[in-house]
Amino acid sequence: MGQDQTKQQIEKGLQLYQSNQTEKALQVWMKVLEKGSDLVGRFRVLGCLVTAHSEMGRYKEMLKFAVVQIDTARGLEDADFLLESYLNLARSNEKLCEFHKTISYCKTCLGLPGTRAGAQLGGQVSLSMGNAFLGLSLFQKALESFEKALRYAHNNDDTMLECRVCCSLGSFYAQVKDYEKALFFPCKAAELVNDYGKGWSLKYRAMSQYHMAVAYRLLGHLGSAMECCEESMKIALQHGDRPLQALCLLCFADIHRSRGDLETAFPRYDSAMSIMTEIGNRLGQVHVLLGVAKCWMARKVQDKALDAIEKAQDLAEEVGNKLSQLKLHCLSESIYRSKGLQRELRTHVVRFHECVEETELYCGLCGESIGERNSRLQALPCSHIFHLRCLQNNGTRSCPNCRRSSMKPGFV
């Protein structure tokens with residue numbers, strides 16, 4: 001298959017894919033892969049296969065194609081191709097919740113010599129790195145990466161990237177419980193879709209609606225949460241987007257739990273769990289089990305709650321998500337306190353405080369925890385976050401967290 005023919009077939013596959021004929025598109029691309037001898041064509045078609053498998057939630061396949069793409073890039077001996085393939089490898093690992101590997105591949109991308117692609121893809125590398133740091137509950141590093149990605153987006157007028165970063169920032173602020181910002185950023189993303197997204201994939205609209213739904217639920221606006229989640233789910237079903245379907249089902253379950261309708265919540269948690277397990281989203285499974293545990297606690301069925309907590313704890317430790325571990329220790333603490341089991345209670349209290357230290361989820365000015373309840377937060381230029389009221393009362397001459405770090409004695 002010659003260069004021109006390869007190009008035509010890739011284009012044909014893209015048209016099929018965009019008209020939701022995914023399986024036909026995959027067949028066309030696989031044929032190019034089998035018969036094409038042109039290395040640049042092979043590289044491009046592997047990129048299409050990586051993206052398609054990502055959107056379908058076939059993350060192990062995605063990783064497989066990303067690895068083949070790296071070999072192809074090495075054959076081309078071109079730093080631009082190498083950067084793009086390492087970014088795909090980073091993203092594949094991010095989807096599989098292999099966050100340390102993601103960070104390592106992102107650092108490889110950033111360490112490559114200055115390339116043409118570097119200017120275009122640097123923001124996407126920073127975004128993927130931020131998502132991985134967030135997956136590990138390293139909040140300062142996550143925020144630093146997201147802000148870097150946002151700068152790339154603004155400097156290059158890349159509104160698509162800006163939209164994706166705004167969704168990640170929504171998720172960041174939902175986790176640290178500044179619900180005002182958790183809603184502001186996905187609303188900004190939805191605005192970008194409305195203003196610039198006429199030719200974009202509908203997934204951008206679906207993504208912003210999903211993050212808005214999460215924030216509305218946390219704020220207690222359950223009707224608005226349901227509307228946004230339904231809109232997102234409709235697009236996810238149209239496009240066969242399994243990962244987003246799972247997230248929407250989890251959000252629906254959380255909305256019903258917030259309404260006290262546990263009968264309706266349970267089957268939605270089950271459906272979300274089924275897809276999360278199928279696609280390999282282990283952190284998603286942790287979030288489902290957290291919701292299930294809260295349902296059992298509301299019903300005062302503590303043993304079933306502890307079962308869910310135990311499964312979630314194993315998964316959370318496996319992926320390294322400290323915030324989930326912190327929440328699970330908090331739930332366990334409450335159960336063991338009510339049972340009067342002092343030894344178990346002590347264990348979870350100690351682990352809870354260790355997780356607070358590890359995540360640095362406390363305000364460096366007042367010493368109180370961050371992320372315990374909805375509070376307005378503000379980041380300093382170093383990306384450490386504080387209560388807004390504390391910064392207003394104390395001023396911001398320099399960051400107390402950075403000051404403390406610089407005063408720690410080094411190893412001699």
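Here the Cβ of each residue, glycine as well, is placed from N, Cα and C on the backbone.
Note that the structure is a prediction, hence the values are computed from the model and not measured.
What Swiss-Prot says about this one:
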| type | residues | note |
| --- | --- | --- |
| LIPID | G2 | N-myristoyl glycine |
| MOD_RES | Y196 | phosphotyrosine |
| MOD_RES | S405 | phosphoserine |
| REPEAT | 6-39 | repeat 'TPR 1' |
| REPEAT | 83-116 | repeat 'TPR 2' |
| REPEAT | 123-156 | repeat 'TPR 3' |
| REPEAT | 163-196 | repeat 'TPR 4' |
| REPEAT | 206-239 | repeat 'TPR 5' |
| REPEAT | 246-279 | repeat 'TPR 6' |
| REPEAT | 286-319 | repeat 'TPR 7' |
| ZN_FING | 363-403 | zinc finger |
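Across the repeat 'TPR 2' (83-116), the DSSP tally of helix, strand and coil residues reads 27 helix, 0 strand, 7 coil.
Counting same-chain residues at least six beyond the ends of the repeat 'TPR 2' (83-116), those with a Cβ under 8 angstroms from any Cβ of the stretch are 43, 46-47, 50, 54, 59-60, 62-63, 65-67, 69-70, 72-73, 122, 124-126, 128-129, 131-133, 135-136, 243, 280-283, 319-320. Close to the residue listed as 'phosphotyrosine' in the fold, though at least 6 residues off in sequence, lie T159, each with a CB less than 8 Å from its CB.
Helix first, then strand, then coil: DSSP counts for the repeat 'TPR 7' (286-319) stand at 31 helix, 0 strand, 3 coil. Broken down with DSSP, the repeat 'TPR 3' (123-156) shows 30 helix, 0 strand, 4 coil. Helix, strand and coil counts under DSSP for the repeat 'TPR 6' (246-279) come to 31 helix, 0 strand, 3 coil. Note: S405 (phosphoserine) has no non-local neighbours, i.e. no same-chain residues 6+ apart with C-beta under 8 A of its own C-beta. Helix, strand and coil residue tallies for the repeat 'TPR 5' (206-239), in that order: 30 helix, 0 strand, 4 coil [DSSP].
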